[in-house]
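According to TrEMBL, the features are:
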DOMAIN    96-169  domain 'Bacterial Ig'
DOMAIN    179-255  domain 'Bacterial Ig'
REGION    191-211  region 'Disordered'
COMPBIAS  192-210  compositional bias 'Polar residues'
DOMAIN    266-345  domain 'Bacterial Ig'
Amino acid sequence: MGVDNDGNTIVRFTNPPATWGIANGLHFNVNIALDLGDFVTQTGIRIADAVNGTHYSFNGAVVTDHDYTNIADDNTATSLNTHALDPGYDLLQQVPTIEDVYDTDTTISGTGVPGATIEIKAGGKVIGTGTVGTNGIYHVTISPKQNENVTIEVRQNTGVGMSAAATTTVKHKVSEIPAPKVNTIHEGDTVVTGTGHTPGNTIITDSSGQEIGRGSVDSAGKYSITLTSSQPAYSILNVVETDGKDTSPITQVVVQAPIPNAITHIDNFSASQDQYITGTYTGSKVAKIGLTVDNAKKPLIKITPGNGNFSIFTSTYGITASSTVLVTLYDANDVALTSGNSVSVLP
């Protein structure tokens, strides 16, 4: 048994032990009964459908042993008026389909012959098996998830053997990271703050294409990044969030002009009733605040930079209704930022 150059399957039958005499003009009949089902089972050779839906032709010849030289004047032939003998052949030709697979997927889906067994491989290893549903769709859980560019192979077995493989290449699933939010930045600021999306992701800030700061979003979704240097007013900063593979859209911010260091309001103070002098201020460099009472400078008090509010405890300062009280802002090095603002002291 073999296959000739035209792709036809050739079956050769060996005569039983006997002595045959072949002479010119001798005619004889040879009857062959072929069980095609048993033939397929024993040989594993599937019988393809007839070409273009026509019919099967069976050709015979009398040949010599070993070299199969044709020694008869005529070949014999018969035909079978059907275009399909082996239902299993058609089933084997049906290759399952496979939908796009991404590196985040734990399930692979596609279509196949209802009831067929699905086998999924990656790198020659089985990573999932399942069954095609009655609707012709399969959903198979795989383990582990596959990396980008890995080739996935899906085969189906309808009961007559494994089909050829449907293949696809794993794609990268682009993360939809939203653009980070950035708080206002002023000239002189060396820290950029704001909120991000996924805790642990890195925030990158750059100016004119140069990275000038990097940090991480904390568990509360906030970040605080120290810049390599303060940025001048009206320069543009680009802030993005990344998980190491994908990057969010850019949040673009313009550095604002510096906020003047100034006391913007002081509440009226009653020497007999109040213990605190309170008010508001501006200025990103403000780090301390101090009182001068009747020309006597009191110890400086630390305040939170950028908070905008201050409250000074005065019970030990001996302030009276006739006292002259000034409030002054200082930077972190105790350098005065303002010349002193008067407090309206009431009885």
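Using N, Cα and C of the backbone, Cβ positions are placed for all residues, glycine too.
Tertiary proximity for the region 'Disordered' (191-211) is limited to same-chain residues at least six positions away from its ends with a CB under 8 Å from its CB atoms, namely 177-178, 180-183, 185, 217-227, 231, 235-244, 248, 251. For the region 'Disordered' (191-211), the number of residues in each DSSP class (helix H, G, I; strand E, B; coil) is 0 helix, 13 strand, 8 coil. Taking DSSP states H, G and I as helix and E and B as strand, the domain 'Bacterial Ig' (266-345) has 0 helix, 35 strand, 45 coil.
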